[in-house]
Amino acid sequence: MADTAAPPVFKKRNNKTNLRKRPATPPPADSESEYTSSEENGVRIKRRRTEGVTTTQSTARAADLRKSTAYAADRSTNITANDDATKASTWFTDAALAAGDAPVKEAQAKEDGVYGGTAQYGSFIQKNPDAKKLGPQKAPTNVRTITVTDFAPDVCKDYKQTGFCGFGDSCKFLHAREDYKQGWQLDKEWEKVGSKKDKKDGGKEDEGLNEEEKMLRDIPFKCVICKEDYKTPVVTKCGHYFCEKCAMGRYMKGKKKTCAACGADTGGSFGVARKLKALLEKKRKREEEKAAEAEAEEA
């Protein structure tokens, strides 16, 4: 028989059970908290999730919103006293009802003879521990504060002495030549005379004035420079009156060509005010008559 070739035989190896396979790469996560990294040696490092949506499971049923909600007051809180602005009781009623008022603590000062300053001053008034530190507090009903503002005007000295003020309408003091009374005197006179008479007389002041009185209203009754009565009065181009000696002395000695009242250039020319002296005498007599009538009414 001819030699036959042996059939080929293949040896089947057993699968290795201890073979460590590299795990599959996970898909990319949406957040950084689910990220896992692998080192070169193939070891997988797991990190705990720090962010994300947490879900809880509960066996309790959801509340039915169709039903009415009942509220209950918290009865565990103790009732405390307060001093709100809407409080109805007063301090003396609280003191009468309070049974355990603590006595006032006496200040324990050191008797060493050394002055410790204002920080060592003792307080002899006990503070209410329940009182509020901030906010509106109810004032006691037996104490009321009344503020009375008396009438004491600040009269412009220059205008009262001379009838002229360089500041004009911008002066912060009162431009008046009369002697003003205190507030209590004005109130007393107002009660005697009444408001009706004052209103009637107030509108007739300008009606009875003639041309001379209207002119004297705008003219100072004394010289602005020397603040005394006019002596040989003169008038400038701008219509202001001065003593002849005062105006010429200011122009010659002071070498000031401007008006002492308004500052306009006079040019050294002054006119004689002939009618001013007679008008001032009439005005003075009229004021004396008014003062005498006022004294007669008061008496």
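Just so you know, glycine gets a Cβ as well, placed from its N, Cα and C.
Because TrEMBL annotations are produced automatically, they should be read as predictions rather than curated entries.
Here is what TrEMBL records for this protein:
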| type | residues | note |
| --- | --- | --- |
| REGION | 1-61 | region 'Disordered' |
| COMPBIAS | 10-23 | compositional bias 'Basic residues' |
| ZN_FING | 150-178 | zinc finger |
| DOMAIN | 150-178 | domain 'C3H1-type' |
| REGION | 191-211 | region 'Disordered' |
| DOMAIN | 223-262 | domain 'RING-type' |
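Only residues 6 or more beyond the boundaries of the domain 'RING-type' (223-262), in the same chain, are considered here, and those with a CB under 8 A from a CB of the stretch are 161-162, 164, 166, 268-273, 276-277, 280. Summed and averaged per residue, pLDDT over the domain 'C3H1-type' (150-178) gives 83.
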